[in-house]
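Sequence annotations record features per position, and here TrEMBL assigns ATP binding site to Ser31, Gly32, Gly33, Pro34, Asp35, Ser36. TrEMBL lists 316-347 with the feature compositional bias 'Basic and acidic residues'. Here TrEMBL flags 27-206 as domain 'tRNA(Ile)-lysidine/2-thiocytidine synthase N-terminal'. Residues or ranges marked as domain 'tRNA(Ile)-lysidine synthase substrate-binding' by TrEMBL: 251-312. Look at TrEMBL and you will find 310-347 tagged as region 'Disordered'.
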Amino acid sequence: MAKRELGPAAEQVARAVDTFTGHGDWGVACSGGPDSMALAAGLAWVARRRQVRCPVWLVDHQLQPGSGDVVRRAAAALTEKFRAQLDPRVLTVTVISDGSGPEAAARGVRLAALAAAARHLGVGVLLGHTLDDQAESVLLGLARGSGARSLAGIPQQRDHDGVRLGRPLLGLRRAVTRQAAEEWGLPVWDDPHNADPRYARVRVRDRVLPTLAAELGPGIPEALARTADQLRVDSDWLDQQTPTLPAEPRCAELADLPAPLLHRALRDWLREAGGEVTSGHLLAVVGLVHDWHGQGPLQLPGLQVSRRAGRLVRHQPTDHQPTDHAPTDHAPIDHAPTDHQGRSTRG
């Protein structure tokens, strides 16, 4: 496809995909919506220049009536327009409630199916998240009182189950991807869930961000995305410095860690055991290190954490593990200076 054939928005998408993909092998996850349809078209433009053919996976979650028709129509449209460059494939998955909520459950099943399909072909998976998605994620993190890692937003690239996930459109607004899909002449599907105010992300998109723009001026999404980029650099470095904890870490050694590393190390330690914890849960575990006064086991989601013989111990809620009341656990090392949030003030 010659450059002159591209409209201005389509060219922005195509150039973003070209720059991001380099010489790697990629496929596209597509919902039939404007973002992922534009992304698929952008990859088709790149594939034509490189004389390759790329897979497009259209995932049917079977959560809405007619969902199969939606993905089949999208597959047919992409096949008709980019037959030589794209190989659309429908992935039908079954979403089973796991207590994490319908969105999280669907995302988990979708990513598992995409990872399996991509691993079979030895390619990465491109996802259609935009700058607007990034801004919404940052605001949602702020509303939850999240730490720097959550406020760092959506990474442009990461590994999932041994497969590369890439997001080449994080620098483009949603209006650009929709316009690009129109310029390519592609039909798009607007998910009704994306207009349902019961979802917090929809309220952020339709109410909070427009209010911020009206009160503070334009450029709010771009500013939030820049904040995420800056925090990600810091968080990536801190993550590299964070030690991996043993199954039962010694509290005396934990107490010597700087607060940012202690919090990250304990967060990873809890998640390793399957615990999904809030910042409040994490600070309670930090209290077992810095504010130990014989308290009993902490009840976390799907997990108990207690202090025993000077170590932190993870166990299932049905286990009845004794806590440590030995005098040695009241040594000064366990009462290092802390601020009012239980964080160590040692260097």
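Keep in mind that glycine also has a Cβ here, set from the backbone N, Cα and C atoms.
Bear in mind that TrEMBL entries carry predicted annotations, made automatically and left uncurated.
Feature map: annotations from TrEMBL on the structure.
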residue	record	contacts (Cβ under 8 Å, 6+ apart)
Ser31	ATP binding site	Leu58, Val59, Val71, Ala74, Gly128, Trp189, Asp191
Gly32	ATP binding site	Leu58, Val70, Val71, Arg73, Ala74, Val188, Trp189
Gly33	ATP binding site	Gly128, Val188, Trp189, Asp190, Asp191, Asn194
Pro34	ATP binding site	Arg174, Thr177, Arg178, Ala181, Val188, Asp190
Asp35	ATP binding site	Gly128, His129, Thr130, Leu169, Arg174, Thr177, Arg178
Ser36	ATP binding site	Val28, Ala29, Cys30, Leu127, Gly128
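Apart from Ser31, Gly32, Gly33, Pro34, Asp35, Ser36, the residues listed for ATP, the same chain places the Cβ atoms of Cys30, Met37, Ala38, Leu39, Ala74, Gly128, Val188, Trp189, Asp191 within 8 Å of the centroid of those Cβ atoms. Mapped onto DSSP helix, strand and coil, the domain 'tRNA(Ile)-lysidine synthase substrate-binding' (251-312) counts 31 helix, 11 strand, 20 coil.
A mean pLDDT of 93 is what the model gives for the domain 'tRNA(Ile)-lysidine synthase substrate-binding' (251-312).
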